[in-house]
């Protein structure tokens, strides 16, 4: 049977009252759950998994997948409105999105994010539809050496995420140091745990992100009275203008493609995707100086990338049974619980379910666009609530969300500690995104270097012998050499 | 060393047999039972989607389908190598509304961290599901049998690579057992998760990978992997596996079973523990559970209230010995 | 003010020392691959070098950063907010998390931010009810409940 016939069958499963209803319910739940700090799509899916037990497996999986990508749309809300990324993939959105919100352009940022996510999401589902086997083979050619170079690229690139490279790199190093805490991932030897069993598993991303971004931000705003004014939002600034679309469409396209390729790799994820898309976009942007200060194309690229990455993660899951992200891992568990065995045979053995799922992603993304476009100004209007009332609510929700993520009060304490650190970083003008991104990239950086050398029995040639790795190595060397070359040229021009 | 392991397995097997016989004599099962009141939380130390999570969610679903009236909720208290989960339950002395899922990290984390044993403190209720491992190799690779695999490792120590999950996890320990039994040196490459290791294996980067039988079957059926040996006492009977020899048949005397069970908090009323053991036994006799076991190619040897404690202690000793041999144990 | 501006660099040097010394007992190289101490050593070195560069730049008068500290009242508000968060963490195991949220918001609005009593209390109760509905009732998250039964 041809792919289009199979897809047609899939649509026949979705375009029924039950199919449409549960897909809509799924994306709506995802939208809400994604907007809660701490509870991301993966946790939301796990919590709501038991509710799907009575359903037909195909319908249940469609609904759960809806929560997964709906969560990406919902996560944008907290990143933009209150600068609390609920997940690692929202960090880059928060950087510029919240600046835009401060300028009163929250509605624009949210609408462009929704449009970008929609286009990139649909693009990724088209890729899932037609080239899943090819892409999954490609994904397998990425392994430890490639991941190491990718992570290295990400870590060195954090230098450019601030006004001063030295300060940005210092924040990055701080993030890498925080990631050292806990059992060494390779040998299990405890590092910097100071005899505390609680530190053995290391420091989780969620309390760090909530603390550094959300709590730090609120503390800094609370300290003076003039920051207490509500953020002004005029209605005509709430909807995106034609010029906004023209300015961001290329960013959406590039972000979507980067996101898809990073998303299909089982070892990377939506956070790496959005970082790389953001950095690429700054290279292409006509106004790179706006990045970090409220660049709409930065938000568009990051959002397009994280949504297409979250769809791309479906490819290794469907083709190989390997989850590309925490959310797809829950989706796999749901399949098992519904009596379906995942693995390389899934697409042949369960073609109705798989094609129903793929068709449902077209429909679900459309629902999300329809939900988000008219509601963006409404969500943005939340900022009209006086900040004094908003601030304690954000703090309380952040702490409850941190608790809900692990069900451990220790996480709440961690959140407060990192809140203080975040506040101090604002006060001392140290940029915060490099810290959080380095924390996400650190395990990938360290683990994959050591795995590479285990694979090659200690020979560094593994980095040049593998074709993809060799290409990445050249990219890394260029990205390191260019700023140095530029600085040399500038200093020579001066003398 | 390996003989001790095999004996432990054999002992477990006989225990299970004697338990089954005991259960058929009603007079012996006369422990007083009392149902707990209110909703029940089953604490799981893995994230949603991990094996212990899937097992407990399936169990909870079966139990709430008419066996147990108390609503059962599975809560994932992740982090700390299951220590967030077991510390929570250890803090709930005598609480009748919480149960702990027993999986290998509940045993290994205290040994690796040098903290007091968990199984010595909680109230063991039942062990009810086990899973065998299969050693896979690349379909176009040079090995066709475990003997060839072992011979290659003998010839070039450390040159045969195995991709596995976290350091100290089940596949790491299984690798250590194979190394000891065959007197070879392998290179074990740990990964952040089992599926990351599987990606490394499928990418053709290593020679070997341990998978559960269910994971292994679809890889074998789709031609992405070739089975070398099953680490169990005897061959499986399913069509996909009946031609796969055990490691023992190929001269490597290793039996390794992953297992999962359930325990109550310290000081749980014996009557409530007996009630739960009875419910878990009834649940594992349902058709729904048997179907799950068959689908996932697992084993469902049941260790009830009377043997669960001794069974878990034996497993703990095995873990301690293996972790010591790979240099991870602290106590 | 110079000394204050140098604090991040000094903090980084201290942290680098801590990381370096804290991983002293671990192996730098482990067979064919870097050992557990490899990354810490390089990170500590990188941290220290960056901090020294920053100090030198600051000594020459560049890169002091955009230091922005609040007045006394502002500091007091930040301190009180932190104390309120710590308080919320402390009372949560005793009164339960949902009441702790209500207490926290009530305290913040009335005493720290000096808002009118009635709207403050309404907000406090409203947010707590919202948390109960979304987290406990809908998502089934078991937030800490009140410790003493009635």
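Cβ atoms here come from the backbone N, Cα and C positions, even for glycine.
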#### Entry: Range annotated as transmembrane segment - as stated in TrEMBL, picked from A:387-405, A:444-462
A:387-405
### Task
Establish whether the number of Cβ pairs under 8 Å between the transmembrane segment (A:468-488) and the transmembrane segment (A:109-132) reaches at least three, counting only pairs separated by 6 or more residues.
no
### Message
Using Cβ atoms and a strict cutoff of less than 8 Å, what residues sit near the transmembrane segment (A:198-220) while being 6 or more residues removed from its termini?
### Response
37-38, 82-85, 87-88, 91, 94, 98, 178-179, 181-183, 190, 192, 227, 391, 394-395, 398, 401-402, 405-406, 410-412, 414-423, 425-427, 432, 435-436, 439-440
### Query
What residues in the same chain, six or more past the boundaries of the transmembrane segment (A:144-162), come closer than 8 Å to it by Cβ-Cβ distance?
95, 168-169, 171-172, 176, 262, 265, 267-268, 272, 275-276, 279, 282, 292, 430-431, 433-434, 437-438, 441-442, 444-445, 447-449, 451-452, 455, 462-463, 466, 468-469, 472-473, 475-476, 479-480, 483
### Task
Answer with yes or no whether the transmembrane segment (A:251-279) touches the transmembrane segment (A:46-69) by the criterion of at least three Cβ pairs under 8 A, sequence separation 6 or more.
no
